[in-house]
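As recorded in TrEMBL:
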type   : residues  : note
DOMAIN : B:17-103  : domain 'PhoU'
DOMAIN : B:120-205 : domain 'PhoU'
Number of protein chains: 2
Amino acid sequence: MSVIFDAELKKLKSRFMEMGIDTGEQLYQATKAFLDHDVELAKKVLNRDHTLNDEEISLEKRALKLMALQQPLANDFREIISILKASNDLERIGDYTTHIARATVSLNEDHHVVATENEIAKLATIVRQMLEKVMDAYANISEKAAYEVANMDLQIDVIYVSQQKAVLKAMQETPSRIPVFESYLGIIRTLERTGDHIVNLAEWIIYIASGKLVELNPGKADPKLVQKKLKEM
Amino acid sequence: MSVIFDAELKKLKSRFMEMGIDTGEQLYQATKAFLDHDVELAKKVLNRDHTLNDEEISLEKRALKLMALQQPLANDFREIISILKASNDLERIGDYTTHIARATVSLNEDHHVVATENEIAKLATIVRQMLEKVMDAYANISEKAAYEVANMDLQIDVIYVSQQKAVLKAMQETPSRIPVFESYLGIIRTLERTGDHIVNLAEWIIYIASGKLVELNPGKADPKLVQKKLKEM
């Protein structure tokens with residue numbers, strides 16, 4: 001029984017890692033398509049839309065079956081529960097990549113605004129680094145790395161708030177470009193939310209490592225922090 | 001041991017119901033404040049911001065402790081896991097109510113657009129009905145009611161898509177009102193996301209009742225459905 005359990009748990013963990021890698025790949029392709037104005041690549045991202053949904057459902061089923069098989073020891077239990085919750089965060093990130101891909105397809109090529117796209121490129125780079133780092137932290141169950149990832153989210157929140165203001169101002173100055181600016185706002189928001197879900201992943205790593213449930217989102221723990229950072233700029 | 005377990009499970013379930021009621025109350029107050037342009041009420045909503053966060057963390061802790069206490073029977077196991085996942089959906093809805101409240105505080109009273117606010121009022125009513133109905137479905141573990149809730153989400157998706165288009169058009173026609181239109185877009189989006197999370201809650205009720213993990217979001221199960229409905233209008 002225990003041999004089966006151990007083998008199944010190992011499989012569950014490696015499937016979760018695979019889902020993390022697939023999510024990172026989708027995010028990379030979606031943001032690349034957007035920044036390169038590559039509609040074909042965006043369509044490919046949309047065609048893989050169901051993959052992460054399916055992976056989440058399959059992980060949930062595996063996790064639930066495993067817990068029905070035998071009562072897991074405390075450490076194993078935390079791993080399984082964390083995968084059950086964290087797979088939901090990966091799936092949400094997958095949803096966001098399809099938003100980005102859909103915006104890429106609908107954007108008219110004549111209407112790009114380089115300055116805003118440069119800021120979006122910055123955001124995308126930080127978010128991708130965070131996702132890579134959090135999956136590494138998961139692979140090594142490193143609390144230290146998990147905390148580092150969570151702190152990176154503050155950079156995202158700062159760009160998010162300042163770019164929202166900048167784009168709204170630009171909208172008022174050039175109303176004919178409202179649809180493209182609206183797309184930019186959507187993508188900026190999407191990347192910010194992606195950062196929040198990566199912070200959730202970091203929280204689950206802390207839980208696996210220590211059994212503690214923590215709130216690591218710096219903006220949530222101290223709502224005034226982002227405003228403070230913005231004033232320092 | 002079993003007596004303690006049963007008592008603790010009962011407590012967990014009633015705390016989850018309470019969290020559902022509190023979430024509904026927050027949603028009611030936030031949308032009411034927005035539609036009545038009641039900044040004071042919106043500020044009250046913001047002051048209770050942490051309540052649902054705290055309730056979620058407390059539910060998670062309870063659920064995890066309970067499962068560590070003894071291996072639950074299949075039915076109980078599904079109840080506990082579902083609360084563990086569904087509390088996250090309630091907490092997200094709570095996050096959205098703070099977005100609505102924040103938008104209410106920042107909106108200038110001179111700049112309201114009645115037609116759009118009427119559509120938002122419709123959306124808010126459907127979303128609140130869905131949340132009430134899903135908590136009833138949970139209380140009675142009614143699969144039938146859970147499916148009915150999920151189907152209501154299609155009405156939301158239809159208003160969401162048509163209003164997004166209408167507001168973008170209005171933005172281009174009246175650029176001076178862009179900030180207020182941007183707030184409306186945010187609130188429309190927020191209510192649509194709230195609908196998605198209520199559908200997740202319905203999915204967990206199906207899981208408790210039947211052990212099946214299903215995808216009930218009509219727009220996700222068939223991405224062309226919303227477009228079809230819009231063409232029929």
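Just so it is clear, glycine is given a Cβ too, placed from its N, Cα and C backbone atoms.
Any TrEMBL annotation is an automated prediction that lacks curation.
Per-residue pLDDT, averaged over the domain 'PhoU' (B:120-205), rounds to 94. Mapped onto DSSP helix, strand and coil, the domain 'PhoU' (B:120-205) counts 82 helix, 0 strand, 4 coil. Applying DSSP to the domain 'PhoU' (B:17-103) sorts its residues as follows: 80 helix, 0 strand, 7 coil.
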